[in-house]
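Participant: Have a look at this one.
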Amino acid sequence: MKFDILTLFPAMFEGPLTESILKRASDKGLIEVALHNIRDWAFDKHATADDAPYGGGAGMVMKVEPIAGAIEAVKAKNPNSKVILTTPCGRPFNHQFAEELSREEGVVIICGRYEGVDERVRTLFVDDEISLGDFVLTGGEIAAMVIVDAVSRLVPGVLGSDESAQYDSFADGLLEYPQYTRPPEFRGEKVPDILLSGNHAEIAKWRRKEQMRRTLASRPELLDGIEWSKSDKKLFVEVEKANQEKVAR
């Protein structure tokens with residue numbers, strides 16, 4: 001999986017991309033992350049990559065020519081890469097979006113800055129736009145880091161176990177179940193007995209119900225439209241009943 005990141009501030013990526021899982025994935029050749037300084041494609045001696053907006057207004061706008069040059073240089077080597085723009089105007093980034101991108105041959109991420117990019121970048125080059133949420137960051141670099149991390153962990157072999165991604169929050173539309181490790185008791189809080197029982201069928205059932213319970217409590221909108229299996233539907237009825245009894249107390 002190849003990521004090409006177009007940015008005005010490539011040094012921002014040194015830490016997040018050179019530690020832990022992403023570093024190991026890169027060392028194994030499972031992912032490749034290339035950083036490209038947009039200013040390298042500027043035309044003047046000052047490497048100008050932004051200018052005042054036509055029509056007036058505050059701030060600066062990223063110029064189309066340097067971004068176009070960077071995209072064309074990258075696409076010349078990886079013509080099938082999908083071009084993504086980080087922007088508050090984009091599609092909300094979620095697990096399903098990350099899965100979509102993980103199936104691409106490569107992804108080019110344009111990190112927006114200032115008041116945004118010249119609209120002609122969108123018109124001529126961008127395949128899709130991504131937003132992390134209803135808030136504004138100082139630039140798209142942090143968003144790009146999030147995208148690389150979320151997509152990379154879905155690439156086969158990146159995680160220690162393929163099951164790690166399979167049971168993540170949102171992988172099946174629900175939040176993840178609670179996790180415990182040693183010690184079995186800490187400050188009066190005990191690990192649920194079922195997890196110590198060795199009964200894998202009952203453990204799986206408990207975990208599934210906990211996914212439902214946690215999702216119902218924290219993100220009930222995620223439950224809309226879920227098509228339950230017969231066994232899941234039975235479990236969810238039990239979870240709803242327990243939740244109603246808890247509220248009634």
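Backbone N, Cα and C define each Cβ position, glycine as well.
So Swiss-Prot says this about it:
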- GLY112, LEU132, GLY133, ASP134, PHE135, VAL136, LEU137: S-adenosyl-L-methionine binding site (BINDING)
Participant: Identify all same-chain residues not among GLY112, LEU132, GLY133, ASP134, PHE135, VAL136, LEU137 whose C-beta atom falls within 8 angstroms of the centroid of the S-adenosyl-L-methionine site's C-beta atoms; report them in sequence order.
Facilitator: PRO88, SER131, ALA143
Participant: Which one of the binding-site residues (GLY112, GLY133) has its C-beta surrounded by the most other C-beta atoms within 10 angstroms?
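Facilitator: Compared across GLY112, GLY133, the most Cβ atoms within 10 Å surround GLY112.
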Participant: Max Cα distance spanning GLY112, LEU132, GLY133, ASP134, PHE135, VAL136, LEU137 (S-adenosyl-L-methionine binders), Å?
Facilitator: 16
Participant: Report the member of ASP134, PHE135, LEU137 (the binding-site residues) whose C-beta atom has the most other C-beta atoms within 10 angstroms.
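Facilitator: By the 10 Å Cβ neighbour count, LEU137 comes out on top.
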Participant: In this structure, which of the binding-site residues LEU132, VAL136 has the fewest other Cβ atoms within 10 Å of its Cβ?
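Facilitator: Counting other Cβ atoms within 10 Å of each of the binding-site residues LEU132, VAL136, the minimum falls on VAL136.
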